[in-house]
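In TrEMBL this protein carries:
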- 2-43: domain 'Meiosis-specific protein Spo11' (DOMAIN)
- 71-132: domain 'Spo11/DNA topoisomerase VI subunit A N-terminal' (DOMAIN)
- Y100: active site, O-(5'-phospho-DNA)-tyrosine intermediate (ACT_SITE)
- 181-352: domain 'Topoisomerase 6 subunit A/Spo11 TOPRIM' (DOMAIN)
Amino acid sequence: MAFAPMGPEASFFAVLDQHRASLLAALRRGGGEPAGGGTPQASRFEDSVGLQMVTHFTTRKIKSDSLKSVKKFALILKILSKIYKLVQSNTYATKRDIYYTDSQLFGNQTVVDNIINDISCMLKVPRMSLHILSTSKGLIAGNLRYIEEDGTRVHCTCGATAVAVPSNIQGIRNLITDAKFLLIVEKDATFQRLLDDNFCNRMSPCIMITGKGVPDLNTRLLVKKLWDTFHIPVFALVDADPHGIEIMCIYKYGSMAMSFEAHNLTVPAIRWLGLLPSDIKRLNIPRDTLIPLTKRDQMKLDSVLKRPYVTCQPFWRKEMEIMADSKMKAEIQALTFLSSDYLSRVYLPNKLKFGGWI
């Protein structure tokens, strides 16, 4: 064993082991989840991958002799020249590094980010192949060891502190774990609370990761790498609100903005562990601890319900319809009404032991 067992008895993980067996059986069959219908404007949905670009997407021309696009054309050439130098010298740079090479010319970081995405899409290669790294903001903890590209040995622990997600996911090697599951936590505050409550140790062997809200590219890449390497069950813990569901969908199905790189980023095997809208009623969470949906929330929820992958997730749809009918949302912190450590001591252990995911 790579790690000394510290958590529950083996029988606790019986349902998790059955779930993993079903996931492996689906992989051997070469299938994913039941196929959905519908087609987004610039991408299609494939159940085993997520959102992907369609072959007949709309293209846009940028000309060097047009006043409207001459600056964009020049900026693309400038960044292409920097990419060429990085590839030739076998070195890497972050998007932030590129922005600061001429911040006045670029104007803001978003301009650089969009152009890099355009170049990656145009050349049909992952951003890593351009030798451009994203700045990591995610954290990881639990039963995991690996070696970074520069030879640094990283030993993630179940203590009160976490390890920063590496900037070069492609470069890490020799990953070792005996984890029974991977838990994606939406928010940093919830992630830290679980560490403080010693959840990681009590549920060992396991891995926890957070992208601190909308996940950065490296956090998504690491979740994908862990799934591809170990094929352990992956669960998402998010707020019972449209924003939390959106974040979970990014991990599971990807986003239209990065649909050209879906194969490297999505994990359709992810299951929604909590907080489920149906849990709010089941646990008798008082209405005064809930938050009314705003108009923006309602628009987001309507948008998610119309997406093609929701067609093949009837249980997800039911939960979202419960939220829409109640016109209320809840943060994970609403569980503290029951007790300060209810999330780590009761809610998550019971969900994991008895298969309370969808």
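Glycine is treated like the rest: Cβ placed from N, Cα and C.
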- Query: Within 10 Å of the Cβ of Y100 (active site, O-(5'-phospho-DNA)-tyrosine intermediate), how many other Cβ atoms are there?
  - Reply: 13
- Message: Averaged over the domain 'Spo11/DNA topoisomerase VI subunit A N-terminal' (71-132), what pLDDT does the predicted model reach?
- Response: 87
